[in-house]
Structures are given as C-alpha cells and as structure tokens.
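Summarising the annotation, TrEMBL assigns active site, nucleophile to Cys34. Residues annotated as active site in TrEMBL: Arg40. What TrEMBL records for Asp147 is active site, proton donor. Here TrEMBL flags 28-176 as domain 'Phosphotyrosine protein phosphatase I'.
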Amino acid sequence: MSPRRAPIDSRSPRLLSLERMSASDLTFRVLFVCTGNTCRSPMAAAFLRHALGADASRVTVESAGTAAWEGQPATQPSIEVAGRDGVDLSGHRSQRVTPALVRAADLILVMEHGHVAAVRTLGGDPGRTHVLSEWPPPGEPDLPISDPFGASREAYEECWRRIAHHVERVMPFLQEELRARSV
C-alpha cells in the first residue's frame, strides 16, 4: 500500500507531503483526461513528456478518456499537428479512465468541467483534479479546451496551441515538485 499523499490545495498549489515516501514515490504521476482519449488528452500527455526533456523519466504521464474505446490510435490530425512540433503520437492507444488510474495520479488535468465530475465518481480527489485551462488554481477563467474530433484541421491546430500553452503553465509546479522529491 502506498503512503497517503497530501492533496494539492485547490486554492494554491503546494508541495505534496514527503513524509514516508519510498523510492517509487519519487516519481510524480500526471493523468490527462478527455472524452475519447484520441485527441486532447493524448496531445497533452505527449506535449508534457516532450516538454519535460531530461526530467521525463521522473514523471509518469498517462492519458485516458471518460468514454474511450480501448486500443484506438490518436486521430490522424492529432498525430500530424503534434508531429509538426516534433511530438510523436503514433504509438498512442486509447484507454478508459479507471479508479486505479485516478488513485495513482498525483495530479489529474481534465479538458472540461464534466470530466471533473466523471473523475470524482471514480474516487478522484478534488484537490488533485483540475481543468487544464484553469491552471494554476484558482486559475483565471478560460474556456475549456474544445474537442476537435471530426472538426477541421484548424480546430486541431487551435486545440494543440491551447494545450501547449496550458501545459507550459503547469511546468513550474512540476519542476518544484521534482526538486522537492529529490531532496
């Protein structure tokens, strides 16, 4: 049984409790959630892995969908838009969000408010579950990141641009977490 983690205060990010952590707990776990897990959450997960660079081995990044069909690849427009920036989505396969994924995550970033409710029904801690476009808590109000599935190439490009912008806003928090965990 892993040690109980202190929740991230939804009013201001703070370091998680480092008491009684084992070596495996030095890895920070991020879960991105959208609906089908073929566009937004895999783009966000891949962008974060890419942005982490040398720190990527210290962060486990996963993505899942509230209504995902298991084993589906990322949509072709998602692969192309991410690939233009050197981010590879070709190996992605969709998965449905589960209680185990939710429990294992230190930080859960969702694309829409409805995803927050879905994650909470699976046992998601409100202090660790946030709408990506509202990070850091309490984030400035911004529109949720719209699902580009079946939409134009421009919709995918706008989705990618917004995801990249908001994931970059999460980076200082993650870097602080990684510094604290290496003490």
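Here the Cβ of each residue, glycine as well, is placed from N, Cα and C on the backbone.
Distribution of TrEMBL features across the structure.
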{"residue": "Cys34", "record": "active site, nucleophile", "DSSP class": "strand"}
{"residue": "Arg40", "record": "active site", "DSSP class": "helix"}
{"residue": "Asp147", "record": "active site, proton donor", "DSSP class": "coil"}
Just to verify a number: CA distance, the residue listed as 'active site' to Asp147 (active site, proton donor), in angstrom, no decimals.
7
What is the total of other Cβ atoms whose distance to the Cβ of the residue listed as 'active site, proton donor' is within 10 Å?
17
Taking the Cβ of the residue listed as 'active site, nucleophile' as the centre, count every other Cβ atom within 10 Å, in any protein chain shown.
29
Across the domain 'Phosphotyrosine protein phosphatase I' (28-176), what are the DSSP residue counts per state (helix, strand, coil)?
72 helix, 22 strand, 55 coil
Using the alpha carbons only, what distance in Å do you get between the residue listed as 'active site, nucleophile' and the residue listed as 'active site, proton donor' once rounded?
8
Which whole number is the mean pLDDT over the domain 'Phosphotyrosine protein phosphatase I' (28-176)?
95
